[in-house]
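J.: I have a structure here, written as structure tokens, and I will follow up with some questions on it.
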Amino acid sequence: MKDRTQELRTAKDSDDDDDVTVTVDRDRFMDEFFEQVEEIRGFIDKIAENVEEVKRKHSAILASPNPDEKTKEELEELMSDIKKTANKVRSKLKSIEQSIEQEEGLNRSSADLRIRKTQHSTLSRKFVEVMSEYNATQSDYRERCKGRIQRQLEITGRTTTSEELEDMLESGNPAIFASGIIMDSSISKQALSEIETRHSEIIKLENSIRELHDMFMDMAMLVESQGEMIDRIEYNVEHAVDYVERAVSDTKKAVKYQSKARRKKIMIIICCVILGIIIASTIGGIFG
């Protein structure tokens, strides 16, 4: 009969090598994934920093009736940079999402997949939060520009309601603001100049909001759909922590009780020994 021991040993070694290869490939994949996570987090942090700088530029522009061109150019550069970086983040998050969906479609479930889903959800939420802050910043700036236009119109003697002013802004025609204004003083001319400046800022702002709207809604819907899953994970983690804390507490109590029992046992043994010595001495005295 042919000895197959060596053949079986060779086959086992080959299987072991395959397992090692799969493990190494998986570890390398997760290392690359975490590098990507850090890159995305860095992009989101960069957007957050730019949003704060945008707020400062808004305040500087509103503080001057005729802001200098350099400040306005710097604001446009910041807005452009935010848009480019946001598109990068969205693209990378989409790529991770598709990768996760492919594995779920194959009914694969692993610790690595759960980690990737959690990281993707966390990054998506953080991204939507920073973009929500940017959107709120833009909306606030629009309202402040609108308020300045309304005040300048009042200076020229023209009173408008908020709804009327909104209709004028939506028309996109700057000439509509000059209608009915008598240009007989430098005050009226200066007021109209600021009105045109603020109107121009609002138009740029609305274009920026429009460009980012679809992306923002897409990511917001994604995060909303993930909300229940994240809440469930957080619930499980919290209960796991409570369970561990109770287990540690119970263990400490058990150790404490065990220690007390051990001390009692030792004391009983010592008492028995002493009692034995006393009895032995007494008996010895009687018969001695």
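Placed from the backbone N, Cα and C atoms, the Cβ positions cover glycine too.
Note that the structure is a prediction, hence the values are computed from the model and not measured.
Pasting the feature list from Swiss-Prot:
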DOMAIN    192-254  domain 't-SNARE coiled-coil homology'
MOD_RES   Ser14  phosphoserine
MOD_RES   Ser64  phosphoserine
MOD_RES   Ser95  phosphoserine
MOD_RES   Ser188  phosphoserine
REGION    1-20  region 'Disordered'
TRANSMEM  266-288  transmembrane segment
J.: Does anything in the same chain, at least 6 positions from Ser95 (phosphoserine), have a Cβ under 8 Å from its Cβ, and if so what?
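T.: Ser95 (phosphoserine) has no long-range Cβ partners.
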J.: Restricting to the domain 't-SNARE coiled-coil homology' (192-254), what is the model's mean pLDDT?
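T.: A mean pLDDT of 64 is what the model gives the domain 't-SNARE coiled-coil homology' (192-254).
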